[in-house]
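See below for the structure under consideration.
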Amino acid sequence: MASPEAEGARGRAGAQMAERKLLVLFGSQTGTAQDTAERIGREAKRRRFHCRVEALDSYPVAQLIQELLVVFVCATTGQGDPPDNMKNFWRFIFRKNLSPASLCQMDYAVLGLGDSSYPKFNFVAKKLHKRLQQLGASPILPVALGDDQHDLGPDAVVDPWLLDLWGRILPLYPLPPGLGIIGPDVLLPSKFTLHFLDERSSGCDGEAPSELHPFAARVVSNLRVTAESHFQDVRLIEFDVTGSGIEYSAGDVVMIQPRNAPEDVQQFCQLLRLDPDRCFVLKPSEPGTPLPAHLPQPCTIQHLVACYLDISCVPRRSFFELLSWFSPNELEREKLQEFSSAQGQEELYSYCNRPRRTTLEVLCDFPQTTCAVPLDYLLDLIPRIQPRAFSIASSMLALPNRLQILLAVVQYKTRLSKPRRGLCSTWLASLRPQQGDVRVPLWVKRGGMKFPAEPDTPIIMIGPGTGVAPFRAAIQERVAHGRKGNYLFFGCRQKSKDFYCGAEWQELVQSGHLTLFTAFSRDQEEKIYVQHRIRENQGLVWDLLSRGNAHIYLAGNAKEMPAAVAEALKSVFQLEGDLSPSEAEEYLTALERSRRFQMETWS
């Protein structure tokens, strides 16, 4: 017997069987949802669908009412937030004036990608699925929830879900007469072709018109704020944004477009036998396919590899699948095919994900295949370098025409001999402004945190580690306005090694602008964290909230700290406010709902 989802879809699909069009829309923060959406697009083309794959905010959302068949692939970020490239769509789809029959001719499926270690696991996909039904659309399948925490990652859910999806779609939209599914032994065409120009790089524009036109900010200073003996290198980096038109407030975020290390660019070009000075233009293989907005036209190979192709990312399964096509070597080809098969996912995880092996390192491991990769497939094979977001750690009121960030340099060991390094943090930390004019492409985005406009409202800020960055901006801003009532809970390991901006905080304490609580976890035998300091000062915290109408802000690592702080706050509500456990939970929820408790966390 057919499911209700399939029955609902079947009624409408019969009339449109001839129109075999599929739209795949994605909301992606790190690129995983985009990679999955493009995989669905490839599978659709093998089943002879006319298929478009687009970011939700790139798609003209008013046209959605005309779409008959849509697959949504959505990640969830932060505390249940939609990714940046679907925020406009998200606001539109939840408008109250949309008719309940707006999408009555649409058949759809929603695939969510999330992480079950977060409280709002796949919140965006669940909410979107429900909203589409409210607007009259018919689900082909129940919502699917991929999980990063699974040993095999989201593919543990995606693989069976895709089989089920095509099993439901093909009876509704049968293959055209006389045509079968394009088999896995046929290579699909590349998205773009590279057409080389006669002139060398002198004829090319070397600057990318990114996001879409970032400001090339001069690096003023790059200071290490942890002791040289401390294991973690943390930098306070200052940029000059004079003449950019950039304005920002406390809580806003700066986006930085990193670039690959020169030695990696050189190695990549040598492996693929590329001339970095050659100049090319891109042309789409299919009419209507938009060109990559972040690549200049014309462009050099040097710019493509240094500023666009993410050769330092851990490659996904789709990379191995496509790479296997080009291998002239039987042993290399068999291994690549194994890594791209459903059965080979544990071995791929062990080879690639667990040790965090990069795309460049994989290409080195498969040399005969690498030098046979057709250049037209480079953009299909390797994703674009994603911009990185940093909380702004300064206020324009305190530092006009300047912007500062607090940056932890990412470096760690795996079983590979070479340490793993964060692309953006390593690049930024390496910049030496004292040696010349150093520029970084950046732009500013509105942040999720909003600080109270009322001058008398006290704020309680909980910011261990680099989580203190947005609070430094907020304190500078409030002090410039003459506002007191600033309470900061700061945590780090040792006062002598990683007490960021310690002298600055002490000055503000002495001037009466700041009340500071510190938790130096390793300075005594028993570890002390910010949540312990909150409990120790429960009377003050409760008084500020219940009488002073204070707002609470939390920023920092997303894993254990937010839950521990939430437990400490609920304990304060129970002990000082005489609330029951369930009332304390409700009180915290009410603070969140009224935006008096705001969080910004990252993994």
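Quick reminder: no glycine exception, Cβ is built from N, Cα and C everywhere.
Here is what TrEMBL says about this protein:
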type    : residues                                                                       : note
DOMAIN  : 22-166                                                                         : domain 'Flavodoxin-like'
BINDING : 28-33, 75-78, 113-122, Asp148                                                  : FMN binding site
DOMAIN  : 212-452                                                                        : domain 'FAD-binding FR-type'
BINDING : Arg356, Arg388, Ala389, Phe390, Ser391, Gly422, Leu423, Cys424, Ser425, Trp602 : FAD binding site
BINDING : Thr466, Ser521, Arg522, Lys527, Ile528, Tyr529, Val530, Gln531                 : NADP(+) binding site
Output the one of Tyr118, Phe121, Tyr529 that, of all these binding-site residues, has the highest number of other Cβ atoms within 10 Å of its Cβ.
Tyr118
In the domain 'Flavodoxin-like' (22-166), how many residues does DSSP assign to helix, to strand and to coil?
55 helix, 35 strand, 55 coil
Between C-alpha atoms, which of these binding-site residues comes nearest to Lys527 (NADP(+) binding site): Ala75, Gly78, Tyr118, Ala389, Ser391?
Tyr118
Here are some binding-site residues: Lys527, Gln531. Which one has the most Cβ atoms within 10 Å of its Cβ?
Gln531
Per-residue pLDDT averaged over the domain 'FAD-binding FR-type' (212-452) comes to what?
94
For Gly78 (FMN binding site), the spatially nearest of the binding-site residues Arg356, Ala389, Ser425, Tyr529, using Cα atoms, is Ala389
Taking the Cβ of Asp115 (FMN binding site) as the centre, count every other Cβ atom within 10 Å, in any protein chain shown.
19
Counting across all protein chains present, how many other Cβ atoms fall within 10 Å of the Cβ of Ser425 (FAD binding site)?
21
Given Arg356 (FAD binding site) and Tyr118 (FMN binding site), what distance in Å do their CA atoms have, once rounded to a whole number?
22
